[in-house]
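Asker: Quick paste from TrEMBL:
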type     : residues                                                                          : note
BINDING  : N8, E379                                                                          : Mg(2+) binding site
BINDING  : K15, H208, L209, G210, N211, G212, D283, M284, R285, G328, I329, G330, E331, H332 : ATP binding site
BINDING  : R93                                                                               : substrate binding site
ACT_SITE : D150                                                                              : active site, proton donor/acceptor
SITE     : H181                                                                              : site 'Transition state stabilizer'
SITE     : R241                                                                              : site 'Transition state stabilizer'
Amino acid sequence: MKAIVSLNAGSSSIKFALFTLDDDRTPTLSAGGKIERIGISPRLTIRDAAGALLQEHDWRDEAALTHADLLAWLFAWATEHLDGREVIAIGHRVVHGGTDFSRPCLIDDAVLDELESLSALAPLHQPHNLGAIRAIAAIAPELPQVACFDTAFHHDRPPLATRFALPRALHDQGIRRYGFHGLSYEYIAHQLRKIDPAMARGRVVVAHLGNGASMCAMADGKSVDTTMGFTALDGLMMGTRCGALDPGVVLHLQTQMGMGASEVESMLYSKSGLLGVSGISSDMRELAASDRAEAADAIELFVWRAAREVAALTASLGGLDGIVFTAGIGEHQADIRSRICQRLEWLGIQINEIANAAGAPAISFDDSVVKVRVIPTDEEHMICLHTLSVLFGVQP
Ligand SMILES: Nc1ncnc2c1ncn2[C@@H]1O[C@H](COP(=O)(O)OP(=O)(O)O)[C@@H](O)[C@H]1O
Ligand SMILES: CC(=O)OP(=O)(O)O
Ligand SMILES: [Mg+2]
């Protein structure tokens, strides 16, 4: 049986899925899993389509294990467990597509070189995405690999939303707001159309709150604005990233405090956010379980910034009909959802605390002006559909 593999290397995780194809090329999930907490204490789980556990592994306190180490482990596991399935292509999430890549594409050396030149704009992601592609090309040079871009969903936003108030020439050189998490937003837009078509046609803010976090303002399922910009540093506070920051701080760190560019980069990408403010962890579950004041400060800032960005995106949309929470924190941490919504009551949001705590899919009261939903994201599914579209020309 033919199969497609989707690989999604995030900043703190590698998610993957194996889909088998029936005769008319419809994909069915066969197994999927994730290695999470990379850089802290990696943990792997692989499940079959029914959710039954196939494999579990804990690399306790092995913070030094890299994405590449863990990928090698995963290949070895996959090779042993393909059970006669023939992998016909691998689809990858590639975080940055720059100005040129507005749709998924087959990867060749020229594409790889161009994507490599964008690595500096996504240092927590692009090197892992491209590293996986190169590793697979070395083992199976004939196997088609497809790049699916996080930036593509935002490509057709109104031009205003892509512009920085910088000299015009810089925009033309590609220094503009791109936006990320596009595969997740595209999947949510598809799901929302099925689950709640009226809301899908309206003005919706999708809050992708994971280790990386951003929000997308969607009108009729299309991105009109988003919180991330030129890089995945902008916007919300994240696990280890600062989010929106007065650029004067960067100048001050360099000119007055003598920090070099790479030191500043490492501070903004890897030592800030929840980790930087709490001094405890980048992992929201750990902070929620902590009774230390620093953990509470970090969570409060995360919530406050999130509520502020929902309001900003509401201005971009000219009003708000719905909010969708998704990704690790958005799907699983009811208290964070509740606290963000409480700060937005003035917008007409009435959250049903019982439904929210119970993990229900709709978490606002029926008469809430703004409807609030939780929809689990599935970037791997979107990657599979895009890979099929590149191979066989069927649009997702
Ligand atoms: N049940 C859960 N599973 C995964 N992540 C969770 C869960 N509950 C809370 N989280 C939080 O979600 C964040 C990870 O989100 P995720 O979307 O998996 O990240 P990534 O950006 O690496 O894809 C962490 O802060 C984690 O603590
Ligand atoms: C773009 C981004 O921040 O991705 P992730 O959430 O996977 O880190
Ligand atoms: Mg992610």
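Every residue, even glycine, has its Cβ placed from backbone N, Cα and C.
Keep in mind it's a predicted model, so treat the numbers as computed, not measured.
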Asker: If the criterion is a C-beta within less than 6 angstroms of any ligand 2 atom, which of the recorded positions R241, I329, E379 pass it? List them in sequence order.
Answerer: none
Asker: Near ligand 1, meaning Cβ under 6 Å from any of its atoms: which of the recorded positions N8, H181, N211, R285, I329, E331 fit that description?
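Answerer: Near the molecule: N211, R285, I329.
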Asker: Out of the binding-site residues K15, N211, R285, I329, E331, give me the one sitting nearest to E379 (Mg(2+) binding site) by CA distance.
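Answerer: Result: the closest of the binding-site residues to E379 (Mg(2+) binding site) is K15.
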Asker: Between the residue listed as 'substrate binding site' and N8 (Mg(2+) binding site), what is the CA-CA distance rounded to a whole number of Å?
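Answerer: Between the alpha carbons of the residue listed as 'substrate binding site' and N8 (Mg(2+) binding site) there are 5 Å.
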Asker: Suppose we draw a 10 Å sphere around the Cβ of K15 (ATP binding site). How many other Cβ atoms does it contain, all chains included?
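Answerer: The answer is 19 other Cβ atoms.
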Asker: Helix, strand or coil for R93 (substrate binding site)? Use DSSP.
Answerer: strand
Asker: Write down the Cα-Cα distance for D150 (active site, proton donor/acceptor) and E331 (ATP binding site), rounded and given in Å.
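Answerer: Per the Cα atoms, E331 (ATP binding site) and D150 (active site, proton donor/acceptor) stand 20 Å apart.
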Asker: Validating a neighbour-count step here. Other CB atoms within 10 A of the CB of D283 (ATP binding site): how many?
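Answerer: Taking every protein chain into account, the count is 21.
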Asker: Is any of the recorded positions N8, D150, H181, R241 within 10 Å of N211 (ATP binding site) (Cα-Cα), and if so, which, in sequence order?
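Answerer: Checking Cα-Cα distances against N211 (ATP binding site), the recorded positions within 10 Å turn out to be R241.
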Asker: Mind computing the max CA-CA distance among K15, H208, L209, G210, N211, G212, D283, M284, R285, G328, I329, G330, E331, H332, which the record assigns to ATP binding, rounded to whole Å?
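Answerer: Between the most distant Cα atoms of the ATP site, 19 Å.
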Asker: Given a separation of at least six residues and a C-beta threshold under 8 Å, show me what packs close to H181 (site 'Transition state stabilizer') in the same chain.
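Answerer: Listed in sequence order: D150, H208, G212, S214, C216, T226, M228, A327.
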Asker: For L209 (ATP binding site), what is the secondary structure by DSSP, using just helix, strand and coil?
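Answerer: Assignment for L209 (ATP binding site) reads strand.
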Asker: Cα-Cα, whole number of Å: R285 (ATP binding site) versus R241 (site 'Transition state stabilizer')?
Answerer: 17
Asker: Starting from the Cβ of the residue listed as 'substrate binding site', draw a 10 Å sphere and report how many other Cβ atoms land inside it.
Answerer: 27
Asker: Please report the distance from the Cα of N8 (Mg(2+) binding site) to the Cα of D283 (ATP binding site), rounded to the nearest angstrom.
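Answerer: Counting only the Cα atoms, the answer is 19 Å.
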